[in-house]
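Let me begin by presenting the structure, written as structure tokens, before commenting on it.
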Amino acid sequence: MRTESAHNPDKNSLWRNRVFARMFAAYAGAAMGEWFDAIAIQVMIVYRWGAGPVTLSWIPVVMALPGLLLGTLAGVAADRLPRIRLMLLCDLFTAAVTAALLAAPNVGALIPLLALRAGAAAFIAPAQQAVTRRIVPADQLFRATTLNGLLQQSAKIAGPLIGASILAALSPSACILIHAAMRLLSAGLLWTVRSAEPGAAPDDTATSSSRAARRQSVAAEWREGLRAIVRVKPVLHTLLFGFVGLTAILMVDYQFATLLQELAPGQPSLLGWLVASIGAGSVAVMLLLNKRGRLPYRWGLGGGYALLGAAIAGLGTLRPGVPDAAVLALGLLLGIGNGMCIATKIALLQQEMPADLIGRVFGVDQALTSLVMLGAPLAGGLMIEAAGARPAFAAFGLATAAVGLAGLLCGPALWGRSGEAGVGAVRREA
């Protein structure tokens, strides 16, 4: 069953929502700090300690493993505990562990600290999504999710540029300290709204009251979340659809440098421009979606993956010496598809699940994403080593596009004929 929120969007602007505005600012600082930190850690590992590519390849594994192991538990925690305070504590813990990185004498000491920090991060994302559902009216939920996605993509563009400048002017230690300071600032902003989180979403009061009256054990709530995901078919189909599509994408996502080494061996800077063009495409489409306020599920997910796949396959068909403009144009197309997928997926999960289950569904999504990240990049690297970068990009791009076309053709069966992100309707019961 669904209910419509009857809010005046002019009277109830997202930026007049004090809790959302403070959370958005906190998220902005943390997102930028993460990119400063990521660059500094790679520099420390390679240049300070002289570690090789095998050691460096363990870093994404260490970052993904806590999400796989703790993702579903973090989702239950986000549905049981005060969410803003949970995020606040995780920010404080992250700041402390980040500062401790400076004392690491070698890679062996660094990796456990990174794992601890990734474990704290696993609890933040489900809590943030659960809070967003509770503090944002249904008719503004799609705009809120696109704004958060827009911030994430903007940080991917600005963060590395600013971080590299700080790194050149100061040191890796300075970048790490800035990240720790950003986390403390984020915690400070969350502290100002720590008591402002409502007990139930405006559209889910009855459901929340009934659940509160029968509070269950952690294991029982974990099972309840999984059963609800299986029952709500659009959510189940989205998680499975996204898992297949993400697997195809991550086979090549970490290999753009390898591809560009074949296409433009004398232009290492082209990788930076390609990453920037991907980010620009994502930012542009999210700005458009934020203004438009809605997008059918089949076009957002199916169309998004189709564009992603076409762009990746296109990169695989380019020949050495191709003009830079062709590479950047395909990067822009890739970013547009990526932005469509991200915005639609988050909005769908927010809209289709009851508020009391939001943390659990995003916890499961986080666990599935981490599972893909553990295996797909390594498998893709081995296949590229065996077959070459361009054939592998073309093959995985076509596979991703096929997933997208299947979503477009089977959209009514997967998400319903009227499924649309951003219509202001939210589900009250699973």
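Backbone N, Cα and C atoms are what each Cβ position is placed from, and that goes for glycine too.
Positions annotated as transmembrane segment by TrEMBL: 20-45 (among others).
Sequence-distant contacts of the transmembrane segment (57-77) (same chain, six or more residues past either end, CB-CB distance under 8 Å): 41-42, 45, 86, 111, 114-115, 118-119, 121-123, 125-127, 218, 221-222, 225, 254, 359-371, 373-374, 377-378. As annotated by TrEMBL, transmembrane segment applies to 57-77 (among others).
TrEMBL lists 157-181 (among others) with the feature transmembrane segment.
Beyond the ends of the transmembrane segment (235-257), by six or more residues, the same chain brings 60, 229, 271, 274-275, 297, 301, 305, 308-309, 312, 341, 345, 348-349, 352-353, 361, 364-365, 368-369, 372-373, 376-377, 379-381, 383-384, 389, 392-393, 396-397, 399-400, 403-404, 407, 414-415 to within a C-beta distance below 8 angstroms of the stretch. The transmembrane segment feature in TrEMBL is assigned to 235-257 (among others).
Look at TrEMBL and you will find 269-289 (among others) tagged as transmembrane segment.
Within the chain, the transmembrane segment (301-319) has long-range Cβ neighbours (under 8 A, six or more residues past its boundaries) at 238, 241-242, 245, 248-249, 252, 259, 263, 326-327, 330-331, 333-334, 336-341, 344-345, 348, 389-409, 411, 415. If you look up TrEMBL, you'll see 301-319 (among others) marked as transmembrane segment.
The feature transmembrane segment is assigned by TrEMBL to 325-348 (among others).
Summarising the annotation, TrEMBL assigns transmembrane segment to 368-387 (among others).
The transmembrane segment annotation in TrEMBL covers 393-415 (among others).
Taking every recorded stretch in 20-45, 269-289, 393-415 and counting its Cβ pairs under 8 Å to the transmembrane segment (157-181), the highest total belongs to 20-45. Below 8 angstroms of C-beta separation, residues 233-234, 237-238, 241, 244-245, 248-249, 251-252, 255, 259, 296-299, 301-317, 337, 348, 380, 387 of the same chain, each at least six residues beyond the ends of the transmembrane segment (393-415), sit close to that stretch.
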